[in-house]
There are 2 protein chains.
Amino acid sequence: MKSLITYNREVRDEWFEVLNNLSTEELSKERKSGVGSILRTLFHIIDTEYSWFRAMYNKNDIQIYFEEFNDLQSIKELSNQYRKEISVFLRQWTPSDENEVVKPSWMTETYKKGEILRHIIAHEIHHIGQLSVWSRESEIEPVSSNFIGRNIKT
Amino acid sequence: MKSLITYNREVRDEWFEVLNNLSTEELSKERKSGVGSILRTLFHIIDTEYSWFRAMYNKNDIQIYFEEFNDLQSIKELSNQYRKEISVFLRQWTPSDENEVVKPSWMTETYKKGEILRHIIAHEIHHIGQLSVWSRESEIEPVSSNFIGRNIKT
């Protein structure tokens, strides 16, 4: 499952590169779907992933606000910062974690860690699919969504 | 990994339900990104998945044409038909398959089965993300992309 996290990391970083070619206006443009704009989508992916990882490792949820990270560079730095912490969590992951039950502070339900990990993975890929539509609207070639050809260890 | 295949199946079937509310015109409308329309996207997801599964199990690739499946009902039937065969393949899957090398007939490269399985999974989620944008353009509420809450065995 970690290979899909690696995939998401590579794809996200490639998007940061590609989106450098878009104006702040295009990046911030309100869209009719998802969470509303390219920047908000990136922020949402990063915030969601981090919140779930913290919940899995019994850390309190950290509230962050889009208004404080509303440009590409700030969001990229946020991504890199959180990634370091998430890597520490990932190194702690053992097969028995799969069935460990977690109660996130912002929800009433409990979930297994294995379920949460898959949720995080699918969540990012889904939102990246939205970016692929919006980038074309802005005349930008989307990043390849291929898993094959990346030589990611499975 | 099979749990993400199950997730994709559930989500795809929910999209078939939701898209029943769209006119053929909306379903066939040419879009600027992805493979071009909602119907073409569904067809492409199904065709791609099946081709990869057949390649993994040393079956010849079956060429199908969108023009023969260009309405929602036909695509749904195709999905159900292929799914039965894919379920047989999935039941044969063993952990050692992960590293088995495959050379698909339509490519020059070789890939590990584990890599192909992840490719299939990410491919569908990515394209479904595109549907979520187009459905909003057509005033249709998209299907939830949540993995959590579906009670899928991990």
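Even glycines carry a Cβ here, placed using N, Cα and C.
Bear in mind that TrEMBL entries carry predicted annotations, made automatically and left uncurated.
In this structure, A:H44 (divalent metal cation binding site) is part of a helix by DSSP. Around A:H44 (divalent metal cation binding site), the same-chain residues six or more apart in sequence whose CB sits under 8 Å from its CB are A:G34, A:V35, A:H127, listed in sequence order. What TrEMBL records for A:H44, A:H123, A:H127 is divalent metal cation binding site.
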Restricting to the same chain and to sequence separations of six or more, state which residues have a Cβ under 8 Å from that of A:H123 (divalent metal cation binding site). A:I45, A:T48, A:E49
Sites among the binding-site residues A:H44, A:H123, A:H127 close to chain B [C-beta, under 8 Å]: A:H123, A:H127
8 Å Cβ shell about A:H44, A:H123, A:H127 centroid, divalent metal cation site members excluded: A:G34, A:V35, A:T41, A:I45, A:T48, A:E124, A:H126
Applying a 10 Å Cβ distance cut-off over all chains shown, what neighbour count does A:H127 (divalent metal cation binding site) have? 22
